[in-house]
Amino acid sequence: MSELVLPAPAKLNRLLHITGRRSDGYHELQTLFQFLDHGDTLRLRRRDDAAVTLDTPLGEVARDDNLVVRAARLLQAETGCGLGADIHLDKRLPLGGGLGGGSSDAATTLLALNRLWSLELSLEHLAALGLRLGADVPVFVRGHAAWAEGIGERLTPVELDTPWFVVLHPGIEVSTPRVFGAPQLTRDTPPISMARALQEGPRTWRNDCESTVRRLYPAVDEAFDWLSGFAPTRLTGTGACLFCSLRHEAEARRILEHVRDGWHAFVARGCNVSPLHQALGLF
Ligand SMILES: C[C@](O)(CO)[C@H](O)COP(=O)(O)OP(=O)(O)OC[C@H]1O[C@@H](n2ccc(N)nc2=O)[C@H](O)[C@@H]1O
Ligand SMILES: Nc1ncnc2c1ncn2[C@@H]1O[C@H](COP(=O)(O)OP(=O)(O)OP(=O)(O)O)[C@@H](O)[C@H]1O
C-alpha cells in the first residue's frame, strides 16, 4: 500500500462547560465531543525519501505551520522514520469555525502515515503525540464520541444520540484566544459527573462560551437568532459555527434553502465512531 485517501471529519461540542483555569492560563473544560459525517479529505502518497510536501495552500497559514505538515514531522522525529509523503488536502471545513478541522487533519495524517510507513504505533501512542499539536487532536485519533475533561484530553467513550444537524457558519472567523481571554467569560461552572450530563440529555446541554461569543461577534449573534427560529441552537467550541439537531434529514435540508448570502451551511449526521476509523476498519 503506497497511497491512502481518508476523511478528516468535523466535531461538535454538544456540551461545553468551563470549570476553571490552570496556572498556565489554559482553561479546564468538560465537554461532549461527537463527530460528523462531513469534513476535509486527505490524499497521502508514500515517498522513499524523507520529504513532506503539501500541495494545498491554506490562506495565511504557512506550509510549515500547517498541522498536516507538523503532524508528519512529529511522527518522523518520534520514530526516526526516513520515509516521507506527498499530501493533498481537500479543505472544506472553515478555519476558526469550532469544528476542529485543523486538529482532525493532524489526526488523519498521524493515522495514515502510521499505516503507510508501517510504524505500528498504538492509538494511545498516537493520541499522546497528537496532544502536543493541540488539545482536540486526541479525540480525533481515538475516534469515538467522548466525554472529555482537563483541557479536553482525558477521554471517556460515550454513545450519544445521532440526529441530523444543520451547521451554520456566519462567514466570520472567531479567535479562540480572544474568547478565552474575555473578562466576562464564565469560568466557574461547578464540575458535574458524566453520568449526570448523559442522564439530563441534549435539551439541557449548553456551551459556556455562547454569551461571550455572541457579545463579541454580532454576526454570530444574528445567525444564532436566525437558526433558533427553526430549532434550539448551540455554539460549537468557541464558534463561529452554530448547530441545531433535527430528527429527519429532509427537515434539515429545508432549512438550508433559506440560508442568507454570506453564510455557509451544511447538513450532516452525528457519528459515534469517526468516519476515519470506519474507513480504516478500526472498531
Ligand atoms: C474550545 C475547543 O474548541 C473545545 O473543543 C478547543 O479546546 C479549542 O482548541 P484549539 O482551537 O485547538 O485551541 P488552541 O489553539 O489549543 O488554543 C488557543 C488559545 O486558546 C486558549 N485556550 C484554549 C483551550 C483551552 N482549554 N483553554 C484556553 O485557554 C489559550 O489561550 C490558547 O493559547
Ligand atoms: N490544516 C489546517 N486546517 C485548519 N487550520 C489549520 C491547519 N493547520 C494549521 N491551522 C491553524 O489552526 C487554526 C485553528 O484551526 P481549526 O480549523 O482547528 O479551528 P477550529 O475549528 O476553531 O478548532 P477548535 O474547535 O479546536 O477551536 C487555524 O486558524 C489555522 O491558523
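Using the three backbone atoms N, Cα and C, a Cβ is placed for every residue, glycine included.
Automatic, uncurated: that is what TrEMBL annotation is.
The active site annotation in TrEMBL covers Lys11, Asp136. Annotation source TrEMBL lists domain 'GHMP kinase N-terminal' at 66-143. Annotated ATP binding site per TrEMBL: Pro94, Leu95, Gly96, Gly97, Gly98, Leu99, Gly100, Gly101, Gly102, Ser103, Ser104, in sequence order. Residues or ranges marked as domain 'GHMP kinase C-terminal' in TrEMBL: 205-263.
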Open item on the list: Does any of Gly96, Gly102, Ser104, Asp136 have a Cβ within less than 6 Å of an atom of ligand 1? These are the recorded positions; tell me which, or none.
Closed with: Asp136
Open item on the list: Out of the recorded positions I have (Lys11, Pro94, Gly102, Ser104), which ones have their Cβ sitting under 6 Å from ligand 2?
Closed with: Gly102
Open item on the list: Please report the Cα separation of Gly100 (ATP binding site) and Lys11 (active site) in Å, rounded to an integer.
Closed with: 6
Task: Inter-residue C-alpha distance, Gly96 (ATP binding site) and Asp136 (active site) (nearest angstrom) - done: 13
TODO: For Ser104 (ATP binding site), name the DSSP secondary structure in the helix/strand/coil scheme.
DONE: helix
Open item on the list: Please list, in sequence order, the residues in the chain of Asp136 (active site) that are at least six apart in sequence and whose C-beta is under 8 Å away from its C-beta.
Closed with: Lys11, Phe33, Gly100, Ser103, Ser104, Gly152
TODO: Would you identify the secondary structure of Lys11 (active site) according to DSSP, in three states?
DONE: strand
Open item on the list: Using the Cβ center of Pro94, Leu95, Gly96, Gly97, Gly98, Leu99, Gly100, Gly101, Gly102, Ser103, Ser104 as the ATP site position, which other residues in that chain lie within 8 Å, going by their Cβ?
Closed with: Ala10, Leu93, Gly237
Open item on the list: Over the span of the domain 'GHMP kinase N-terminal' (66-143), how high is the average pLDDT in this prediction?
Closed with: 97
Open item on the list: I need the least crowded one of these binding-site residues (Pro94, Gly100), counting other C-beta atoms within 10 angstroms of each C-beta.
Closed with: Pro94
